[in-house]
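Visitor: Here's a structure for you.
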Amino acid sequence: MNTYIIKRLTAMVVTLWLIVTLTFFLMHSLPGSPFNQERTTSEAVQKNLEAFYHLDEPLLVQYGSYLKSLLTLDFGPSIKNSSQDVNDMLGRGFPISFELGLWTLLVAITSGIILGVVASLRHNGIIDYLAMTIAVVGISVPNFVMATLLIQQLAVKWPIFPVATWSSSMHMVLPILALATGPMAIIARLTRTSMLEVLTQDYIRTAKAKGLSPFKIVVKHALRNALLPVVTVLGTLAASILTGTFVIEKIFAIPGMGKYFVDSISNRDYPVIMGTTVFYSTILIVMLFLVDLMYGILDPRIKLHKKEGK
Amino acid sequence: MELRKQHESNISPEVPDEWFVPKPKDRNEAEAVVRPSLSYWQDSWRRLLKNKLAMGGLVFLVLLVFMAIIGPLLSPHTLDQELTRQNLPPSSEYWFGTDELGRDVFTRTWHGARVSLFVGAAAALIDFIIGVIYGGIAGYKGGRTDNLMMRIVEILYGLPYLLVVILLMVVLGPGLSTIIVALSVTGWIGMARIVRGQVLQIKNYEFVLASKTFGTKTGRILRKNLLPNTMGPIIVQLTLTVPTAIFAEAFLSFLGLGIQPPHTSWGMMANDGLSTILSGYWWRLFFPAFFISATMFAFNVLGDGLQDALDPKLRR
Amino acid sequence: MKKVLEVKDLYVSFTTYGGEVKAVRGVSFALNKGETLAIVGESGCGKSVTSQSIMGLIPTPPGKITGGEILFKGRDLTKLKEPELRKIRGADISMIFQDPMTALNPTMTVDEQIIEGIIQHEKLSRLEAKQKTIDILHLVGIPGPESRLKQYPHQFSGGMRQRIVIAMALVCEPEVLIADEPTTALDVTIQAQILELFKAIQEKTGVSIILITHDLGVVAQVADRIAVMYAGKIVEAGNRRDIFYKPQHPYTKGLLNSVPRLDREEAELISIAGSPPDLFSPPIGCPFAARCDYAMEVCDRVYPFKTIMNREHHVDCWLQDERAKRLLAVK
């Protein structure tokens, strides 16, 4: 168990280091300095600015100092908006994005599992077809389309929910719905497939032979085994929700981290892009790790210390 | 009781005596195969034909490709701006309406289809080539090579896909070719994993071991045995790669990192349309959004259908 | 002897893509208290379907009991509603499946899997149920069961797992135990141990056992009576001695010839050529006719009547007809 965790932690650090390095050199391989675009700045001002951001030093030195500041969790200042640090932006944006992401994940998981289980229990029935149609539509409709539809229907046509900003729980409903549809559909399909597979297993027949009720068989015997494959995709889903927040926060004008990220892309604000990328990557890598640990706990057959590459 | 008595005498009067003669020997009868045997691909195709939803998806995609080729020619309008005709709703003149620069949405939709389908097809092709080679080598060589190659894959797998793509787009600059490059950098990993898994599994099947003992060369084994047997999961993965790529293109265009004007794509059109939806110009979002969703839907149901049709376990 | 269970003229069909598969076609037998009845036959002959019908475990759809009765304690099980059947399953009639590797839930501890069965049928506290679990694990020969209660199935060997499956089936003291190929997936040495266990348990508890198997070696060790099934019908049945020493049906003879025996001089094993008929459209005559060395015209035309050899021994074969015997004598 411990050796496995240490191994995984090392791999995580390597991946992170790879991302940091990749991001850093990619950003610095761009021709010219970020200040070139603004023609108004004089030669001297530009020199000063470059000195302030250490852009005049050799690349490797800059790389070294960036790594060092990352170790102290300092993502450096923003270039376009010198009054604030990347850390400030993350500090303000992250709690909001985190709230959005977490709720989305919860909504997607619970509704997805319920939909999938119900569909599998009514295999080839009307409910099954209905649930799977919802699921395929959910996978097929991009979240920005979903978001627009929701706004048009539930905010403009029938003003049930307020939109824009993140000020009350009512404001949260539509963004969460828009973001949760895709992951929910994926979970529903996966749960259904995996339930159908599990329900044909011998141990389900054994449970039936014991005289257990269908409810007990589903909840105690089938569900836990059926959810194992679902757990494995949670990491990837978290990643897609995370990138989804960029779009959703932009559409709903939510002042989350995604909005800063998208703005920094259009502004070519490199420290912010680097900072948020590294931050996002860390979250995702930790998520993947937690999912693996969870899988190990849920499936007693998996001995974590014996596990050698998948 | 009446019957039993007769049995005890062991003569059944209902049955005539002349039937008690030895039956002519035709052993083949017992061995005869009742149903015609179909090859794997014939059987799969037959089952796919039965799946109405999947066939619907296939027909839609064929039509889509057709329209992407000839669609722009059907409309009298070109991609040119006609500033006097801004934001016109769909009519007999402009079938899908016009946008804020007076461009024909119908023509633009099919131009967008070209880009989206091209991105999807190119990404799938590159994923296929890299994935099959990488996964095939890892799975077939096994041992240390496999271990090392899979370590690399694992680290790459840990990279957040769209973040890497965004980052590359920022660096490489927007454009069609950069989108394909960016999507391919991480896209092949899923394919490589699937191919490796399949190869590892099949490598140990008796029939492959058998051809090895006959001294068949490695390359020939791969070509003759492994590839046909791994084809099913690969095809399924490909049908899922295409919509992922199309979706990613739409997503990037939406963030302003995708195709640049005057070229167009569904993602870009949707992004343009989004800002005007509240002004009531619904057609500007509806048509690109509809085609993105419908294409994704078609690929998804086709992929599902193929998965069922190609699964040897489900053969009947 | 008291009849515990009686199956009368049972018909079971499955609806599939290709049409209706008539898996069981008029099977009748009775099970007496404390005896072991073996149902023998090739795979696909309907023996498992028969046993699952008794438990009400035929997956419906596609399966369906289309005729006949299954009498247990004065009730016809085919007429019972699902909740009623559930009270019987595991409590009065229980079942053991072929593969102990897959019959246990991999993500549940062993004790929980046994206890849930007890609590389902008996009003016992968890503590009492736990004690009962320990006792039954002792009975089936799990060494030191107290320390292994919290383990998962994968931590046990195949033989031990089958013992756990047996414990699970016996814990509510059922009157009938249906064992569907209980030893097929096990090593030969373990097989012998498990069969010994069946005998010991039967002596202690008086449970009646239906043993489903294709392995005549297993049958020879434990069965009191034997029913031979072919293409959804019982073609011959009788006590062990009769079936092994006076087999009447060519199929039974064929089965016996395909088993290695040490007590015979000629050590040659003869397999039965051909394969069982397609049950989509079973032949109107004797289903074995196509593979039978003694087949006559009549065999293809009419299904043979039942010939009673003695109180327990009966066979469905035209060779029992006097006219056939004359024919054979001429030959």
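Note that Cβ sites are derived from N, Cα and C of the backbone, with glycine treated the same way.
Small disclaimer: the values here were computed from a predicted structure and weren't measured.
Checked TrEMBL, it gives:
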DOMAIN    B:113-303  domain 'ABC transmembrane type-1'
REGION    B:1-20  region 'Disordered'
TRANSMEM  B:53-74  transmembrane segment
TRANSMEM  B:115-140  transmembrane segment
TRANSMEM  B:152-172  transmembrane segment
TRANSMEM  B:178-195  transmembrane segment
TRANSMEM  B:234-261  transmembrane segment
TRANSMEM  B:281-306  transmembrane segment
Visitor: Could you give the residue numbers and ranges of same-chain residues that sit at least 6 residues beyond the transmembrane segment (B:178-195) on either side and whose C-beta is under 8 angstroms from one of its C-beta atoms?
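Guide: Beyond its ends, the transmembrane segment (B:178-195) has Cβ neighbours at 119, 122-123, 126-128, 130-132, 134-136, 138-139, 153, 156-157, 159, 161, 164-165, 168-169, 172, 230, 233-234, 237-238, 241, 244-245, 248-249, 252, 258-259.
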Visitor: Most CB pairs under 8 Å with the transmembrane segment (B:234-261): which of B:53-74, B:115-140, B:281-306?
Guide: B:115-140
Visitor: Sort out the residues at least 6 away from either end of the transmembrane segment (B:281-306), same chain, that have Cβ-Cβ distances under 8 Å to it, and list them.
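Guide: Same-chain residues near the transmembrane segment (B:281-306) but 6 or more away: 48, 51, 53-58, 60-61, 64, 87, 89-90, 96-97, 99-100, 105-106, 109, 112-113, 116, 232, 235-236, 239-240, 242-243, 246-247, 250, 266-267, 269-270, 272-274.
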Visitor: Taking residues 6+ outside the transmembrane segment (B:53-74), which of them lie with a CB under 8 Å of any CB in it?
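Guide: For the transmembrane segment (B:53-74), the nonlocal Cβ contacts are 106-107, 109-111, 113-114, 117, 291, 294-295, 297-302, 304-306, 309.
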